[in-house]
Amino acid sequence: DDIEDATVNKIALWLCTFTLSVAVCAVLLLPISILSNEVLLTFPHSYYMQWLNGSLIHGLWNLVFLFSNLSLVFLMPFAYFFTESEGFAGSKKGVMARVYEAVVLLLLLALLVLGIVWVASALLHDNIARKSLYDLWEYYLPYLYSGISLFGVLLLLLCTPFGLSRMFSVTGSLLVKPRLLEDVEDTLSCTVFEEDSLSRKLNCGSTSCWVKLNMEAMKKEHQTVRSKRIALEMRRKASPWQRNLGYPLAMLMLLALTVHTILLIYSHRLDPHLGMASFSMFGSLGAAVQVVLILYLMVSSVVGFYSSPLFTGLLPRAQDTNLTQIIANCVSLLILSSALPVFSRTLGITRFDLLGDFGRYNWLGNFYIVFLYNMLFAGLTSASLIKTVTWAVQRELIRAFGHRVPLGPSGTPP
């Protein structure tokens, strides 16, 4: 039984690895396309650059679209059913019995989804609904993927502004923060003394000589004091450059990227063809900034996704993540990454047009939908940014003068 379970888990992990590879390719689609265009502009007649052309980039987009469909519709559902199956009653146990049950469940699920999507297409577009019965691959899968991508774009609308604000705190936790008017040595000595006192109380047991102690509350307090002591030791060991310049420069860079993202939303333009003109008015430098912004938005969306209360439980933990949770993470990351090209194009981050079946989303041509989406994203991002920056400045100033700002359960101001 252990060998059988190990084989099933290994196959499921292979499918998850393939799905994550497709997600990475979907994230890199726009950056590779933008950089390829700049290379063609820089070396228009180079013999060594002849392989880099529009048909190659177009083929890459089609392959990513194909494998994204394959992973979302077939591979990940099969991986889930495969890990949960035990074989039909009365059949011989083994890996193949699990494969048969998983395939049957996958076919039933496919029929159910096909029926739902066909009814939805019949209500919205009667022509497409009729054709999809005769040409499943040409109409049904792109239509289904369009709906999944729309869900991913809406998810990015909610997660990315929250993630952009959370990037400041996440980056701050990795760097040494400067402290105005603070004596690190004195604060560290007091913290070490407090940690030792709490350690002695915990080692004495659940009761002291006089009163009963709340062990759970004391353990949490000890963990908090220990984290504070580690942060103070890092600050003491850090060089003056790290203490005084590293953190401000990182915060200014994040602020500049976020503000630039908001400003780009208002600068939509027409799309040139690959190798004909730069996708930025600032040339190669602007194209490089676009690539950085696209990757920054993807990282921010992932941070916001795992920081949101709805999806915090999906956050992977080392040596403590079951296979079902791994599959759910792979599906979530693939949905977010496959929606990134549509997301970037909708916001006007890049002028690069969507290629292949990615360009078949009819709702992208609706001015009111695109305008509303842009305004919602700009409003949510601006509100999150203003709240984060103003509260951070206020908290640091008050702490510098010996006061404390009350914090909520998540460590942010109420």
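The backbone N, Cα and C atoms fix where each Cβ goes, glycine too.
Listed features, source TrEMBL:
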| type | residues | note |
| --- | --- | --- |
| TRANSMEM | 12-36 | transmembrane segment |
| TRANSMEM | 56-82 | transmembrane segment |
| TRANSMEM | 103-123 | transmembrane segment |
| TRANSMEM | 143-164 | transmembrane segment |
| TRANSMEM | 245-267 | transmembrane segment |
| TRANSMEM | 287-306 | transmembrane segment |
| TRANSMEM | 326-343 | transmembrane segment |
| TRANSMEM | 363-386 | transmembrane segment |
Remote residues contacting the transmembrane segment (245-267) - C-beta distance under 8 A, at least 6 residues beyond either end: 164, 167-168, 171-172, 175-178, 238, 289, 292-293, 296-297, 347-349, 374, 377-378, 381-382, 385, 389
For the transmembrane segment (12-36), distant same-chain residues with Cβ under 8 A (at least six beyond the ends): 52, 57, 60-61, 64, 67-68, 71, 75-76, 78-79, 82-83, 274, 279, 287, 290-291, 294-295, 298, 323, 326-327, 330-331, 333-334, 336-338, 340-341, 344, 350, 352, 355
Dominant neighbour of the transmembrane segment (143-164) in 56-82, 287-306, 326-343, 363-386, by Cβ pairs under 8 Å: 326-343
